[in-house]
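Structure record follows, encoded as structure tokens.
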Protein chains: 4
Amino acid sequence: MTVKLVVVGGGSSYTPEIIEGIIRRHDSFPVTDIVLVDIEAGKEKLEIIGNLAQRMIEKSNKPINLSWTLDRREALKQADFVSTQIRVGGLAARSKDERIPLSHGFIGQETNGAGGIFKAFRTIPVLLDLAKDVHEICPNAWIINFTNPAGIVTEALLKHSPHKKVIGVCNIPYNMRHSTAEILDADPNDVLIEFIGMNHFVFGKKVYVNGIDRTKEVLEKLSGDLDYSPANIVNLGWSKTFIEATGLLPNPYHQYYFQTKEVLEKDVKAFKENGTRAEVVQNLETSLFNIYSNPSLYEKPKELEERGGAFYSDVACSLMDSIYNNKQDVQTVNTINNGAIPDLPEDAVIEVNCMITNNGPKPISVGALPHTVKGHIYQMKAFEELVIRASISGDYNDAYTAMVMNPLLANEKGSKVVLDELLEAHKSYLPQFKSRGN
Amino acid sequence: MTVKLVVVGGGSSYTPEIIEGIIRRHDSFPVTDIVLVDIEAGKEKLEIIGNLAQRMIEKSNKPINLSWTLDRREALKQADFVSTQIRVGGLAARSKDERIPLSHGFIGQETNGAGGIFKAFRTIPVLLDLAKDVHEICPNAWIINFTNPAGIVTEALLKHSPHKKVIGVCNIPYNMRHSTAEILDADPNDVLIEFIGMNHFVFGKKVYVNGIDRTKEVLEKLSGDLDYSPANIVNLGWSKTFIEATGLLPNPYHQYYFQTKEVLEKDVKAFKENGTRAEVVQNLETSLFNIYSNPSLYEKPKELEERGGAFYSDVACSLMDSIYNNKQDVQTVNTINNGAIPDLPEDAVIEVNCMITNNGPKPISVGALPHTVKGHIYQMKAFEELVIRASISGDYNDAYTAMVMNPLLANEKGSKVVLDELLEAHKSYLPQFKSRGN
Amino acid sequence: MTVKLVVVGGGSSYTPEIIEGIIRRHDSFPVTDIVLVDIEAGKEKLEIIGNLAQRMIEKSNKPINLSWTLDRREALKQADFVSTQIRVGGLAARSKDERIPLSHGFIGQETNGAGGIFKAFRTIPVLLDLAKDVHEICPNAWIINFTNPAGIVTEALLKHSPHKKVIGVCNIPYNMRHSTAEILDADPNDVLIEFIGMNHFVFGKKVYVNGIDRTKEVLEKLSGDLDYSPANIVNLGWSKTFIEATGLLPNPYHQYYFQTKEVLEKDVKAFKENGTRAEVVQNLETSLFNIYSNPSLYEKPKELEERGGAFYSDVACSLMDSIYNNKQDVQTVNTINNGAIPDLPEDAVIEVNCMITNNGPKPISVGALPHTVKGHIYQMKAFEELVIRASISGDYNDAYTAMVMNPLLANEKGSKVVLDELLEAHKSYLPQFKSRGN
Amino acid sequence: MTVKLVVVGGGSSYTPEIIEGIIRRHDSFPVTDIVLVDIEAGKEKLEIIGNLAQRMIEKSNKPINLSWTLDRREALKQADFVSTQIRVGGLAARSKDERIPLSHGFIGQETNGAGGIFKAFRTIPVLLDLAKDVHEICPNAWIINFTNPAGIVTEALLKHSPHKKVIGVCNIPYNMRHSTAEILDADPNDVLIEFIGMNHFVFGKKVYVNGIDRTKEVLEKLSGDLDYSPANIVNLGWSKTFIEATGLLPNPYHQYYFQTKEVLEKDVKAFKENGTRAEVVQNLETSLFNIYSNPSLYEKPKELEERGGAFYSDVACSLMDSIYNNKQDVQTVNTINNGAIPDLPEDAVIEVNCMITNNGPKPISVGALPHTVKGHIYQMKAFEELVIRASISGDYNDAYTAMVMNPLLANEKGSKVVLDELLEAHKSYLPQFKSRGN
């Protein structure tokens, strides 16, 4: 019996982490075949990653067949798991997602605001195409999506692709759990956070350690300068009042919504000094690939952890392990609501604790949204629907509505200016958008 | 048989309009008794208004008994209708509601943002007290509330008072109908707008003239410089893109949410030049009362129309007429949702077309919220619930949550600064708020 | 300008009532053209009705062009209103709907239980076909459906036909209003009943006379032998306990659900003595057509009122009049819920008070279902969905589910026996049902 | 550290099973103290059970302190778990619950129809009283309710008692899982059934073995004479058509609803031959207690399995074990819906797979009710609400509504007759019912 994993976007700098995760879990989750797939433009990086991965596997002595290719359809044959970690347009596109909104006084960020909207616009058609291939070539395979904006992309796939075995993952819940464990001086494996909301807009509602409710303690310790951000965003900390009044654990991305002015000032300053975050990352990437190219490197280098997405792949490997073994353990993933949050649409994708089985994640009911944030969560979900609608329709008005209804853009004229510039800047990656509005 | 109307806040400069409305409808709606009620602080104005109203009635030759008093409980005896048009703290309080947020870079406005929240905080306890009296003294009377924020206040009364015969009215739907009629060169009586949303956040979804759907025509004509604002807010106009993409008629207050930056600049400039809107209105009021004092004035003077609330009283008189006569005609009022918009809570107060009967308004089903604005409408309704909660509880955290969850304030630190200053500024009108937070 | 009405099933014995209604309303609702349409099998009756209608019009001196034809598509050209009053399979089919269930100890009735299910199975495909023609030939026409089961048929059309201008009517709300007026010694025009539920399962929740709530009085007077049935069902009366405990006005069809045993005994007895109700009606029809054939008859004969459907056409004429004149008055029709009853699906058809405009009926919100009957109403609606599903799919299992989930059939084996016999008996009218189960 | 279990209704013949379950799990779930509590009338049985339990514990060599008492409040001190297995009125009352409905041609059964309603009427006030004591004396204790009708009783406690740590258990899901395992020749521990519905009206929607969906296979094998009933009800088997058309696994109690006529005939026959089931059970009980009294009996005798409730206690012990150890495993219990089935009220109690933690059961989302049974499930839930309402209010009309809205009683007059007789028969156990209707 074989267990085959196809890594779409295999030339990504994150791949060594996923290889390491697979090696580490090999006793319980015996992957036999890994194929790294990428596109022509990523050929060179794919080669570097492929060779590093090969060295890592050799050193591990695990019986894993590794190959890499540009032929996606060929790679998908008999796949059991397909992980997706792509970046349509690369860091150059991300740089525009950041630069253009910032230049008009709006948050310019990879997954939030205008940047996140355009990342979705570029990504959704490509992944719908992949899902079509998967459905045709390896219909039993699970797609484990960690391409951002992970929640929106997962909802788009589940609503608009025939392939229904799609799960989205993110490292934010993982990071929140680990930071919370640190705060409480507990083992992360003993910590269970009850999450409520969507990817990058998720809150922690309850924190249990071995089933004991320690939420209050966490909230008290949380206010102040504590930082439990992923490396890619620097957290400004939260005031005692905000934490106490909402009664919830925010996630680091909430700063964009509740500290907009301060973040914007900081980001504009950073932009002026160092360029966009994409450009910073570009440098990081260059040096990472230099390290990766070293033929005497046989393991995931420490430097990778400085990239924001650390632990993404670990989360994905854990998930695949639990699916494969029908573990029925609890993991936090992006999947269809199905009533777990009764205030949100049943077919919405939410980020939620699930029991993981080999027929997929089964959400554990969360109950009604807390009154303090229910308006915002509902609004963000409605906004996400607008983004998906526009990603599919390619309609200018749909795109405009998604922009103007996003709380970080909510300006009649400004939204249009940013929209028009981004549509122009990314036009080669947005074939679905025909008209440019009026 | 008597028909008795009690005007709470009878010393208001709007009262002559209501008197005129009662006189004009006397044949079909034969009010026999009017009592104007006010508080000690408004005694002088009440005297002026009382005398003017007396002259108006005399000139009309209608058999209406008029009196004025500071004894509210006495006035309420045998009342059939109780209209409320109060301003707790007067224009001086309004001035603070405008000045303080503006000074911190937030919208400072009578019914939106921080100003609207504090108007609610001051008003709700006072009107709950009135409703208790009404319920005890004249349990069959209808309270016709046109005290702002009218939607929030009406919801607070319907949720927290034993008296359930409460209807909120506003002149915005009236103005939208009249402006739309003008655009279409139609008789306002032939125009029916299907409204969706809440007071001051209501949209027009469909425009019918004699039952013919002319929405598209209105939307096309609407984009540009067209102005259908009440006098108290100057409209910046809407772009073709916004109108076309949402597919809805915005109301003038929407500019605060979708043109925030521009409105703020304009308002800050106006504030620097002329002080707050409250101060402008104060001057208007002074000159109005000068006019009212003229013993040879026997009618509502034209100058009143320059005040923003024109037609409020007309809307109220129409409503009372239809209730009295069980007219079963269609009017737009603020009442309990009851499923008319199935996405919103059943017990929420919405602004909706109703069939008016003498057992109250019966909402006409609107159906699901349009996808373009459903997130925003839901969020604003959740925000309104937070305001009501804080108005009743007097809890600092509740107040903070209402502030930070309002889209015009959504800033963790800024919300607190504005909240603390306003709590201090209005403390004599906010007995329910004991603590001042941390 | 012309106003054209097409009466589908024009050879029905009810047609003289509709002709009379049109003549009577001619001043306000000036119908210019009436075409009676029927199928080959109804040719002879159509001829009789056509001639009678012609004599009625001539006597009235109204400028109405009348014609009759078997060519439906020709008739539909330029139609403004299309009324439907068909009986697929005629009274012979109805007789089987009644006889077969009765022979197995189940209620055998035209619109309830197995009979109603099969009437739906036969009718829905035929009316979907009509709706397709209407949509193609006269897309602005309103279909006024009074073919039973009127609620289910209307929901099927609104869900599965491209034509969305469909309204269902029934004489039960009319009869309840008139009987209630009689009980209260009031003018029926002053009585407003707040209805809740679906066609033939509707309850009266509140009774207002000129807006005064007189529900309690009606409920008290209602318990006992009072009869407000249509002629086609004899009411057994309701006990004081039932009326008081539910707090609602039942409709005559509720006896099938809450007096099943007694009704069944009575019906079996009647069946043994006089055959099925269909056979009784067949005799009535024969004698009615004898009367209609009399060339000196110039008006609707009194004998028609003995048929159960009296006032159906009057309800339909009132409705068309209000649509034509955009009257915005209140009528009780079958239309899409749209939140009026928030517990039921938004796209369900309910029987509800509506404001009638020339762009259709706008339901007046009813609010949550009363706790006493909410389970039953919800269940009946879910059952109706099963009937529609089976009518369209022609799937045996779907049909079985509709049967066994109907409270009058709820027997695993009995449902199958009755289903199989009825499928066989009606097979020429059920082309959609291919297989016969197992 | 102590772990104390209080068994309310300790004199029940089921108690030896719970003692055995505690002994067997002692290594992982080290109960230190057990107190058996009963009422004066059960004193003699309590003595017999206490002595047997003592012998069982002695033989096991586990360090468990056992005692028995009639002083409930004393017993509750420092309790961690309180299990409830009471029968208000004893088997004599049950006999009336069975005999009276049967004598009028209705199903007479312990937990369904009129019998179940009256069991609820008698039980709910007594358990509310217990819950009040628990909340006061041992507020951290979990109440594990296996008193029938377990779902209704649990909902009543969760809605009307201050104590929110209440879980209902039943052996039906356990039996269905075991029978299904047998059908599939699988280990019951590998079988997971996705349940949907409420206690005694639950369906199996999906059957997984080690995560593999084998529902279809089970459904195919299920039709026919297969029996997976608890001992207390003899199953008539299900037809291929019913199973195939609903696509669901029924539970044995569904025969009352879908095979009413046949079950009634069988039950009436059995009643005539052997008296009520209660009387049969009474004999069983007598002989069980004879066996229990044997001082050389040191274990749960086999004969207990012939009683219908076998495995109830096992289910309860498993549950307590998982709570104690925060196992996060999946068990099927009765708990608050919280959105797991979005069509049912959020605060309804459903029977649902839950992740069991030491802060209680967390339901795993089930999603929308299947269209085939959604009407029935919703109706039964609405009926359960009526039962709870009447249990609390003691209002005659409420009781009548609960009766007439139950599908097994749905007869206007018959419901009243049965209601009146049962109210009279049980009056000493129904202090809340003051009036007897009209």
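These residue numbers are counts, starting from 1, taken along the chain as shown.
Glycine is no exception: its Cβ is also placed from the backbone N, Cα and C atoms.
Over in TrEMBL, the protein carries these features:
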BINDING   A:Arg94, A:Asn148  substrate binding site
SITE      A:Glu110  site 'Increases basicity of active site Tyr'
BINDING   A:Cys170, A:His200  Mn(2+) binding site
DOMAIN    A:195-408  domain 'Glycosyl hydrolase family 4 C-terminal'
(request) Determine the mean pLDDT over the domain 'Glycosyl hydrolase family 4 C-terminal' (A:195-408), rounding to the nearest whole number. (result) 91
(message) Can you give me the Cα-Cα distance between A:Glu110 (site 'Increases basicity of active site Tyr') and A:Arg94 (substrate binding site) in Å, rounded to a whole number?
(response) 6
(request) Sorry to bug you, but what's the C-alpha spacing from A:Asn148 (substrate binding site) to A:Cys170 (Mn(2+) binding site), rounded to the closest Å? (result) 9
(message) Is it possible to get the count of other C-beta atoms within 10 angstroms of the C-beta of A:Arg94 (substrate binding site)?
(response) 26
(request) Note down the number of other Cβ atoms within 10 Å of the Cβ of A:His200 (Mn(2+) binding site), including every protein chain shown. (result) 24
(request) State the Cα to Cα distance, in Å, between A:His200 (Mn(2+) binding site) and A:Asn148 (substrate binding site), rounded to an integer. (result) 10
(request) Could you say which of the binding-site residues A:Asn148, A:Cys170 has its Cβ with the most other Cβ atoms inside 10 Å? (result) A:Cys170
(request) Please report the DSSP secondary structure of A:Arg94 (substrate binding site), reduced to three states. (result) helix
